[in-house]
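J.: Pasting a structure here, questions to come.
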Amino acid sequence: MSSLWIAIAAVSAIALVSGLILGFAARRFQVEADPIVERIDALLPQSQCGQCGYPGCRPYAEAVANGEKINRCAPGGEAVMRNIAALLAVDPQPLEGDGVQSEPQRQVALIDEANCIGCTKCIQSCPVDAIVGATRALHTVISDQCTGCGLCLPPCPTSCIQLVPVPTTTATWKWNLQTIPVHILEVERHV
């Protein structure tokens, strides 16, 4: 029984010394992050879609801090580009594309449920948890949460997911309520 206690004490001592060495090394060799990268990253929509050409919002924020174009974030659109321009004190640029400033047409993922095998690979790859389902069960996309990033397309083994444009209807139209005059009508109440 005493050899058991000796082994426990030896392993505990090794763990304690290793922890102290790692703690010292972490403080000694700590790399300070660039605060401008943190601020740019906070402005980005965090959809991790990769439409800017970078694997996520953080790498794109680092690239913008190093001089990359500020107009590549499609999900953020013009509002994010203008906020980044104000932060960096540079002129706003037209959104990436045909040189014309336009809002990209919103797309959402659509799953062909007849071909879905329920592998959950699309659920694991969705950065905003817009796909719901269970193993070996049908999956579906919550279109209000889907950013249209397309990260769910490559892992699908049956290619049953496609991006479809969202038609502009009264339900999907971006209403600017500040331009609509609102008048409050008095209503008589009968008791």
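Yeah, the Cβs are placed from backbone N, Cα and C, and that goes for glycine too.
Feature annotation from Swiss-Prot assigns region 'Hydrophobic' to 1-26; the stated evidence is sequence analysis. Per Swiss-Prot, domain '4Fe-4S' is recorded for 32-90. According to Swiss-Prot, the feature [4Fe-4S] cluster 1 binding site maps to CYS49, CYS52, CYS57, CYS73, an assignment based on sequence analysis. Feature annotation from Swiss-Prot assigns domain '4Fe-4S ferredoxin-type 1' to 107-136. What Swiss-Prot records for CYS116, CYS119, CYS122, CYS156 is [4Fe-4S] cluster 2 binding site, and it gives sequence analysis as the kind of evidence. Residues or ranges marked as [4Fe-4S] cluster 3 binding site in Swiss-Prot: CYS126, CYS146, CYS149, CYS152. Annotated domain '4Fe-4S ferredoxin-type 2' per Swiss-Prot: 137-166, in sequence order.
Buried or exposed, and what's around them? Tell me for each listed feature.
T.: Other C-beta atoms found within 10 angstroms of the C-beta of CYS57 ([4Fe-4S] cluster 1 binding site) number 24, with every protein chain shown included. Annotation note: CYS57 ([4Fe-4S] cluster 1 binding site) sits in a helical segment as assigned by DSSP.
Same-chain residues lying 6 or more positions outside the domain '4Fe-4S ferredoxin-type 1' (107-136) and placing a CB less than 8 Å from one of its CB atoms are 47-49, 142-143, 145-166.
Under DSSP, CYS119 ([4Fe-4S] cluster 2 binding site) is assigned to coil, being neither helix nor strand in the three-state scheme.
Just so you know, the Cβ of CYS149 ([4Fe-4S] cluster 3 binding site) picks up 22 other Cβ atoms within 10 Å once every protein chain is counted. CYS149 ([4Fe-4S] cluster 3 binding site) falls outside any helix or strand according to DSSP and counts as coil.
For the domain '4Fe-4S ferredoxin-type 2' (137-166), the residues of the chain that approach it from at least six positions outside its boundaries are 45, 47-51, 75, 105-131, 172, judged by C-beta separation under 8 angstroms.
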J.: Within 8 Å of the centroid of the Cβ atoms of CYS126, CYS146, CYS149, CYS152, which other residues of that chain place their own Cβ, given that this set defines the recorded [4Fe-4S] cluster 3 site?
T.: CYS49, ALA109, CYS122, SER125, PRO127, VAL128, ALA130, ILE131, VAL141, THR147, GLY148, GLY150, LEU151
J.: List the same-chain residues at least 6 positions away in sequence whose Cβ sits under 8 Å from the Cβ of CYS119 ([4Fe-4S] cluster 2 binding site), in sequence order, or say none.
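T.: Set apart from CYS119 ([4Fe-4S] cluster 2 binding site) by at least 6 residues yet with Cβ under 8 Å, we have THR135, CYS156, PRO157.
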J.: Nearest by CA distance to CYS57 ([4Fe-4S] cluster 1 binding site): which of the binding-site residues is it, out of CYS116, CYS146, CYS149, CYS152?
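T.: Going through CYS116, CYS146, CYS149, CYS152 one by one, the Cα closest to that of CYS57 ([4Fe-4S] cluster 1 binding site) is CYS149.
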J.: Taking Cα atoms as reference points, which of the binding-site residues CYS116, CYS122, CYS146, CYS152 is nearest to CYS73 ([4Fe-4S] cluster 1 binding site)?
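T.: That would be CYS146, the closest of CYS116, CYS122, CYS146, CYS152 to CYS73 ([4Fe-4S] cluster 1 binding site).
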J.: Measuring CA to CA, name the entry from the binding-site residues CYS122, CYS126, CYS146, CYS149, CYS152 that ends up nearest CYS52 ([4Fe-4S] cluster 1 binding site).
T.: CYS149
